[in-house]
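Data block below; observations after.
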Amino acid sequence: MLSWVEKYRPKSLKDVAGHEKVKEKLKTWIESYLKGETPKPILLVGPPGCGKTTLAYALANDYGFEVIELNASDKRNSSAIKKVVGHAATSSSIFGKKFLIVLDEVDGISGKEDAGGVSELIKVIKKAKNPIILTANDAYAPSIRSLLPYVEVIQLNPVHTNSVYKVLKKIAEKEGLDVDDKTLKMIAQHSAGDLRSAINDLEALALSGDLSYEAAQKLPDRKREANIFDALRVILKTTHYGIATTALMNVDETPDVVIEWIAENVPKEYEKPEEVARAFEYLSKADRYLGRVMRRQNYSFWKYATTLMTAGVALSKDEKYRKWTPYSYPKIFRLLTKTKAEREILNKILKKIGEKTHTSSKRARFDLQMLKLLAKENPSVAADLVDYFEIKEDELKVLVGDKLASEILKILKEKKKLERKKKKEKEKLEKEKKKEEKAKEKQSNLIIQPKEIKEEVKAEVEKKEEVKEKIVEKPKAEEVKEKSKTEEKETKKDKKKGKKKKEDKGKQLTLDAFFK
């Protein structure tokens, strides 16, 4: 049993709800193929349920083309695309029919399973002789960015609520449902432009047997979160105040982020210089209110900023531009991402300066600028400051660049070397000084002062006198007299002996006398 979505899928373009201008473009495009021309493939971009695939099949049916489809459920890697799409792009069916190739949800071609898919698809497009229609929810998906130059992008908007209601009304009549218009309109409102979801919801209520208005109210709200590209498209395409101001309602971004997106893409969309000038005048005013939000922490200013950056910019142009514009990611965000590491390093330096100088980050930032200036004008002084603030090599390179950093570090290295040398010399002198002091102290312990010498000599003399008195006592008179008599006797005796020897010497010594 077919679902109602498939059962009531339009077989012809005239039965497709809405998208009148898109249908005309598709007719012109397919007819150029029938004339032997080979225009660029079409990329239909729009939210889920807006009728992208239905349009492709209805177009093929109207012009007698056989559809070759490759959707998200199929493998779409390099070999699969080459095998299926590559062959169909350059040949016809056995019945002589031409092929219309439909690649559904090409923005989902990514990951290992689909490796090389987009690259192979570009090769196929370059050689294709048959028409190719691609569909995507998001034309700005990174996975298909390289594909955009080779296709013509056609933007589809969500199906209008009235168009959804009309389709539901027809289905209800064909199915014989007893349902009032109020309930059908509620289902249409809940769909948020997703016709497929609306048909599924009606079928679910019919199967449940409850087609009341209350049951329709309980249906899940299918409002999708709009991405920033959807919001940009609304703001930059419309000239209606009310539509522009509601463009950001479902966007999960703060005004300070949105303003960067708008500023980046205004010059891409607006063609007249005066329009661009007016738009940036409104953006400038919006930015002032955002500044007040930051300074005063008063978020009520956001509503003024939002109105200026949406309605103000939208009404700056003289006319709507029907062209498709490839909107860009803000360069400032790419730059901030690129310089994130550098900014973290600068914040570290600011913290070091603040801690050393006991100042605020604002004042430290001023000191940082002075340090950068000194690095150019007086690298020697800058080297001292780098040392004082304990700034590392990688931090210095971010601050002043590699060349200046190398020069300052070289100076600092020489200064450090000189300091170490001076320190060693100082330590050496201190050691020698201490050595001399110790030697003097030792010598001073050996040398006695004059007063001490006098006292010691006196004490020594007294000591010697005492010893002398004990050893050498004065002799008595009798002992002296007796000693002199003894000496006289010894003297006389010695004289007699000497006389006798003299006489003996003069006599002849005989043998008898010799032996006697």
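A Cβ is built for glycine as well, from the same backbone N, Cα and C atoms used for every other residue.
What you are looking at is a predicted structure, and each value in this text was computed from that prediction instead of being measured.
According to Swiss-Prot, the features are:
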| type | residues | note |
| --- | --- | --- |
| BINDING | G46, P47, P48, G49, C50, G51, K52, T53 | ATP binding site |
| REGION | 422-445 | region 'Disordered' |
| COMPBIAS | 426-443 | compositional bias 'Basic and acidic residues' |
| COMPBIAS | 474-493 | compositional bias 'Basic and acidic residues' |
| REGION | 474-516 | region 'Disordered' |
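Features per Swiss-Prot, on structure.
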residue: G46; record: ATP binding site; Cβ within 10 Å: 24
residue: P47; record: ATP binding site; Cβ within 10 Å: 19
residue: P48; record: ATP binding site; Cβ within 10 Å: 15
residue: G49; record: ATP binding site; Cβ within 10 Å: 23
residue: C50; record: ATP binding site; Cβ within 10 Å: 26
residue: G51; record: ATP binding site; Cβ within 10 Å: 25
residue: K52; record: ATP binding site; Cβ within 10 Å: 25
residue: T53; record: ATP binding site; Cβ within 10 Å: 19
Per DSSP, the region 'Disordered' (422-445) contains 24 helix, 0 strand, 0 coil
Sort G51 (ATP binding site) into helix, strand or coil using the DSSP assignment. coil
So which other residues, same chain and not among G46, P47, P48, G49, C50, G51, K52, T53, have a Cβ within 8 Å of the centroid of the Cβ atoms at the ATP site? T135, N137, L156, P158, D194, L195, R196
